[in-house]
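Annotated active site, proton acceptor per TrEMBL: B:PRO2, in sequence order. Taken from TrEMBL, the feature domain '4-oxalocrotonate tautomerase-like' applies to B:2-60.
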There are 6 protein chains.
Amino acid sequence: MPYVTVKMLEGRTEDQKRALVEKVTDAVSETTGAPTEKVVVFIEDMKKSDYGTNGKLYSDQ
Amino acid sequence: MPYVTVKMLEGRTEDQKRALVEKVTDAVSETTGAPTEKVVVFIEDMKKSDYGTNGKLYSDQ
Amino acid sequence: MPYVTVKMLEGRTEDQKRALVEKVTDAVSETTGAPTEKVVVFIEDMKKSDYGTNGKLYSDQ
Amino acid sequence: MPYVTVKMLEGRTEDQKRALVEKVTDAVSETTGAPTEKVVVFIEDMKKSDYGTNGKLYSDQ
Amino acid sequence: MPYVTVKMLEGRTEDQKRALVEKVTDAVSETTGAPTEKVVVFIEDMKKSDYGTNGKLYSDQ
Amino acid sequence: MPYVTVKMLEGRTEDQKRALVEKVTDAVSETTGAPTEKVVVFIEDMKKSDYGTNGKLYSDQ
């Protein structure tokens, strides 16, 4: 039942995403008690020109 | 005023999205009392490699 | 698999939410082809002091 | 610490996004008291076929 | 048409939120060209026990 | 830089949330290569009357 969204800069490989889904699901299951088959993970890739901190686009930093 | 987001696997046609927006708007309007012109619908397509359940990427299932 | 979020001003009754979930699920299932048991609906209530248009809080309009 | 997401139709230039991040960061910092280096801005582009109002896709309006 | 969400720690007053909505709407309108009456702002308050960085809840830092 | 949101039914204790933030941060850091101090976790509690599957509110199931 827990729904997890991971938003991060684009560029991670499919292998990294595969490991991310596996490890995050385990972490959520262990700490909340939800069975792993109830844990849903969404990944959202951000472009460097769609993300800014301190008033500056990441693509300009 | 209701804002509706529908997140689903990519691959639906524009005709399916057109019908989705029409029918979901009607359903929200009828049940909440908001006029249809106040209902906003956002569609978000997910890639199979950005979605996982039970610790596995959908693209591996 | 479609995940639907409905964000709206607080104040709807549980009966309205019950009808909303039922009708929106049907609308999404019919138009996307996803079976109803795969459709998930989240409702998010907004306070009038947490929502603004045209530069003004809704609680001031 | 404030996290700001701006969702809008695609088509803005990188210069417009650069200005958006700068001005929104200033506006949030001034009114909340958070230092600008703590303000994070995410931009999300929407396609016209993924957005609808009044039961109609924007690409059909 | 731009939809802006500002997520921040709870505790800001209604006056701060009022100013936030006004100033952010102006900033978005000026930089994107959208008229102010098309800009929508959502505010989301976070509890200190629902937010963490560096592996620690904010309420413990 | 990864921003993680965990949405789940209300009722977890602060100790469970503390463990969740710690373990999820480690899982994200190990698999993406981002340092733990760059990982941000948001927790969102859902009420049983604001969540539905298969056309039914969770509070009715």
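Note that Cβ sites are derived from N, Cα and C of the backbone, with glycine treated the same way.
Note that TrEMBL annotation is computational and uncurated.
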Counts by DSSP class (helix H/G/I, strand E/B, coil) across the domain '4-oxalocrotonate tautomerase-like' (B:2-60):
28 helix, 19 strand, 12 coil
Distant-in-sequence Cβ neighbours of the residue listed as 'active site, proton acceptor', under 8 Å, six or more positions away:
B:VAL28, B:THR32, B:ALA34, B:LYS38, B:VAL39, B:VAL40
Restricting attention to the domain '4-oxalocrotonate tautomerase-like' (B:2-60), give the mean pLDDT.
97
